[in-house]
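Engineer: Dumping the structure here so I can ask a few things about it.
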Amino acid sequence: MRLLALLLMVGAAVAVPREDGRIIGGHECAAHSRPFMASLNYGYHFCGGVLINNQWVLSVAHCWYNPYAMQVMLGEHDLRKFEGTEQLMKTDTIIWHPNYDYQTLDLTSCSSSSTILWKVTHAVAPIPLPTSCPVAGTPCSVSGWGNTARDGDEVYLPTLLQCMDVPIVDEEQCMKSYPDMISPRMVCAGFMDGSRDACNGDSGSPLVCRGEVYGLVSWGQGCAQPNYPGVYVKLCEFLGWIERTLEAYP
């Protein structure tokens, strides 16, 4: 059985990809309450991802500097210790979206195989793709293991999975925050007062709304900055490509 990872990123040339990532203003998730959460790592956590079916993980392409050395860990909560719930996969194939462009449209898929076969448990389970596009004000949540310190503070990387509730930001407000940088493939979420945000190391982590994954942490202006909400990949815009890719690798 293969585990396949599908990677997407929508960014802008002057934006800051959130490679080191963080959840600012969040709290520890209930253990294994996000069974779809994946940790991408090179022996240490580097980016997030999300399990979307029995063999695919979704994340953002800018996380994969050396994809063949990357491991995909499922069933994690506490990164410090072995909990007995973890299931590990390794990458063996990368497939780029035909319109790949790091500055504007960055989509990649990679397939992985392992002698360790993952199975659904209380700690490992997929989440559905969106059945609609996000609407302003929709309550959502984001999770990750990224830095929890604000800009200018000493970096603090939590070992316990962090969660945070965020609303979808109105498209007009999103475009005002990032003039000429927001495309139809992006969606903003967060608080305009800068009180809560996802950031670097949380890249690729899922934005979950109404039990479906609506977006992936992508980029932003700093972290938890007033008037600059987080920018996410808008997954509803990529459903056709995702479905075609999954069909090509049954």
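Any Cβ shown, glycine's included, is placed from N, Cα and C.
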Engineer: Please work out, from what Swiss-Prot records, which of Cys29, Cys236 forms the disulfide with Cys133.
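Structural biologist: Here Swiss-Prot pairs Cys133 with Cys236 via a disulfide bond.
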Engineer: I want to verify the bond table. Which candidate from Cys110, Cys140, Cys163 sits on the other end of the disulfide that Swiss-Prot records for Cys29?
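Structural biologist: Answer per Swiss-Prot: Cys163.
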Engineer: Tell me, from Cys174, Cys209, which cysteine Swiss-Prot puts in a disulphide with Cys188.
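Structural biologist: According to Swiss-Prot, the disulfide partner of Cys188 among Cys174, Cys209 is Cys174.
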Engineer: Given the disulfide-bonded residues Cys133, Cys140, Cys209, Cys223, Cys236, tell me which ones have a C-alpha lying within 10 Å of the C-alpha of Ser203 (active site, charge relay system).
Structural biologist: none
Engineer: To the nearest Å, how far is the Cα of Cys47 (disulfide bond) from the Cα of His62 (active site, charge relay system)?
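Structural biologist: Taking the Cα atoms only, Cys47 (disulfide bond) lies 9 Å from His62 (active site, charge relay system).
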Engineer: Nearest to Cys63 (disulfide bond) by Cα, among Cys133, Cys174, Cys188, Cys209 (disulfide-bonded residues)?
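Structural biologist: Minimum Cα distance from Cys63 (disulfide bond) across Cys133, Cys174, Cys188, Cys209 lands on Cys188.
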